[in-house]
Amino acid sequence: MVWQQKTKAVVMLNRIVEKESVKCAQYWPTKDDREMLFKETGFSVKFLSEDVKSYYTVHLLQLGNTNSGETRTISHFHYTTWPDFGVPESPASFLNFLFKVRESGSLNPEHGPAVIHCSAGIGRSGTFSLVDTCLVLMEKGDNINIKQLLLNMRKYRMGLIQTPDQLRFSYMTIIEGAKFIKGDSSIQKRWKELSKEDVCPVFDHSTTKIMTEKYNGNRIGLEEEKLTSDRYTGLSSKMQDTLEENSESALRKRLREDRKASTAQKVQQMKQRLNETERKRKRPRLTDT
C-alpha cells in the first residue's frame, strides 16, 4: 500500500504493547536489526536513522522494491506516549508533533497520502485526522463546522473519535492551533518548550499514571494550566471516594451472595428431609404371616 500510493510518511500513534497486550507488529527495523526483508511481497525496509524525543521518535527508513531495485525514503513518526482511549499530555505537545510531521514535507501534495494508524484506527487516528483537517481548512480561509466535519468523516471511517475526552481535546487543540494560523508566530516556539521534547524519554507511560496525574490525561490549555493543581486535588478526592464506595459496594454484594448461598443450602436440606419423610411414608409395611 505504501509503495502503491507513493506514501512519504507513516504516522504511528500507538505503542507496540499496551496494557500487556500486543497492539501492533514491529513492521520497521531497529538500529540493531538494520533491515527487514518481506519475501512474500518483494519489499525490503532498511533502517537509516532515528531521532528520539521525550514523547515521540522519528525514524528514517528506506523502502526497497526487490524486483525492480527501486528505493524510496519513508519517514516514520511514532508518538510513544498517547494512551489507548486517552489523549496526549497537552494540546502543545500534540501540535508540536503535528507541525514536526508537516515540516518534514511528507504531507505535501506532490507525495501520496500519509498512513495514519493506531491500534483500532479510529480513536487516536480520528483525533489526529480531525485536528489536522480542521487546521488545513482554516489555513485556506474556509469556515468550519467541527461537528459536521466529524460526521462527514465518519461516513468513510465509522466510529472516528471514541471518547468524550478525545472530542473535547480535539476542540481545545483546534482552538490552540488557530492562534498560529491567525498570526501568532511565537506560539509554535512555546509549543515546543511546553512539550519538553528534549527531555530524556521516560518509557513507563501507563494509562493509570497519566490519568491520575493529568486529569483525564490532558492539560486544559496554555492559559489555564495554573488552575489544574486544584482540579487534580479534587479529582484525587473523588477517586478516593469512588474507591471507598466500590469497597463498600463489594462488601455488601458479597454479604448478599453469602446469604443467598446459605438460604439455598437450607432450602435444599429441607427438600431432602421432606423427600426422605415421603419415602418412609410410602414404604410398604411388613405383616406377620
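The backbone N, Cα and C atoms fix where each Cβ goes, and this holds for glycine too.
The model shown is predicted, which means the values in this text are computed figures rather than measured ones.
Copied from TrEMBL, the annotated features are:
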type: DOMAIN; residues: 1-177; note: domain 'Tyrosine-protein phosphatase'
type: DOMAIN; residues: 92-168; note: domain 'Tyrosine specific protein phosphatases'
type: COMPBIAS; residues: 231-240; note: compositional bias 'Polar residues'
type: REGION; residues: 231-289; note: region 'Disordered'
type: COMPBIAS; residues: 262-272; note: compositional bias 'Polar residues'
type: COMPBIAS; residues: 273-289; note: compositional bias 'Basic and acidic residues'
Do you know the DSSP helix, strand and coil residue counts for the domain 'Tyrosine specific protein phosphatases' (92-168)? 42 helix, 4 strand, 31 coil
Local confidence of the domain 'Tyrosine-protein phosphatase' (1-177) - pLDDT mean: 95
